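This report concerns only the one structure given below.
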Ligand SMILES: *Cc1c(COP(=O)(O)O)cnc(C)c1O
């Protein structure tokens, strides 16, 4: 850290510096306000209400382009489940990415976005008949099969030549949270490499006249920090390609590249990943005398997480042994603390003050509805203040619920000083529409 970066925190304890790497590109302080995509956070809160999920378009586009630039020979596939929204899918299409969907619903959003079918991959450990029919009807380019039942079902439904990849469990521990560790043995995803199920799946697909095997797929987990986990995955997957005796044109390494959530956490080493995966792939393919397959990668979180900021309004403050700051959202717009013990930074926007540790909690009827513990806010934080929580672009809109019949927040895109909703706020009318 340079002295210049340190100075603001020395000179003024009431205006904490902006944590590096967490906020959307170009986010800066203007007095005590936070400017995102050229728009002050206080204005966004006033104009669109709270809670409000702000998404910086330039950050999303830049991160997507960074993947393409790091691995120009690869197909970069956006994991659509991380931020399901037609407008976001259009941004991905326009910068040359492909799209992963994992249900007929996500595919419906892709269709609404006009996303080219030839660049859509369908996933999922359970695909219902409706999911598969929707995929075939739209003509998605590849379907990643995940069970023997699915191979048989898809074989019967598909027209001639449907391209298929096989989801393999390579047995690599990505050293991440158990709820998002998907590459190890003994969990629900894919065909085990170690047990021989993956090889058996290759044979079963090849036997189906309507299916054409184009690739092998794996996804070792999410919030993966170590490039070495991907190198080990490449070694194992090329070993499988060599033993399966058929031409494998594509090797999909999945996503899972980590994003920083707290000050001091680093971003994923994309350049190191590209170099080391490329090197390992060509070495292993030469060793096993197999042609080098085209690499696919499926980033979700690492593209959109740091592009998002959620704005809340403080509704109540309770002071006791701890200070609880209660806001107008909570686990309905961010269940990640409850699901994964996820931690977040929080800052108050629009004014300063001497900082004190507080616990920020949500409005829902669960003791576990805590958004952030032990974060520093001005000691006189009070009802009406606006709080900003960074790193809410991935798996926030996607995981939002209507618990307590709270309408889900809008997603407001910001760019060059302009703000526009790309998902509108859910109203009581929306909620009532489903009840009979
Ligand atoms: C969820 C998922 C991804 C994206 O994971 P991130 O951690 O968001 O990068 C990629 N591929 C598959 C198959 C997934 O299930």
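Glycine too: its Cβ is placed from the backbone N, Cα and C atoms.
Record features (TrEMBL):
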{"type": "DOMAIN", "residues": "58-305", "note": "domain 'Orn/DAP/Arg decarboxylase 2 N-terminal'"}
{"type": "MOD_RES", "residues": "81", "note": "N6-(pyridoxal phosphate)lysine"}
{"type": "BINDING", "residues": "256, 298, 299, 300, 301, 395", "note": "pyridoxal 5'-phosphate binding site"}
{"type": "BINDING", "residues": "301, 336, 340, 366, 395", "note": "substrate binding site"}
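For residue 299 (pyridoxal 5'-phosphate binding site), the nearest of the recorded positions by C-alpha distance turns out to be 81; the candidates were 81, 336, 340, 366. The Cβ of residue 336 (substrate binding site) lies under 8 Å from the Cβ of 342, 395, 396, 399, each of which sits 6+ residues away along the same chain. Within 10 Å of the C-beta of residue 298 (pyridoxal 5'-phosphate binding site) there are 26 other C-beta atoms, taking all protein chains into account.
Residues from the binding-site residues list (256, 298, 299, 300, 336) with a C-beta closer than 6 Å to any atom of ligand 1: 256, 298, 299, 300. Listed in sequence order, the recorded positions from 81, 340, 366 having a Cα within 10 Å of the Cα of residue 300 (pyridoxal 5'-phosphate binding site) are 81. Other than 256, 298, 299, 300, 301, 395, the residues of this chain whose Cβ falls within 8 Å of the Cβ centroid of the pyridoxal 5'-phosphate site are, in sequence order, 79, 82, 222, 255, 257, 302, 303, 394.
Neighbour counts of Cβ atoms within 10 Å were taken for the binding-site residues 340, 395; the minimum is at 340.
Calculated from their C-alpha atoms, the gap between residue 340 (substrate binding site) and the residue listed as 'N6-(pyridoxal phosphate)lysine' amounts to 17 Å. Within the same chain, residues at least 6 positions away in sequence whose Cβ sits under 8 Å from that of residue 301 (pyridoxal 5'-phosphate binding site) are 79, 82, 222, 223, 255, 256, 257, 258, 259, 394, 395.
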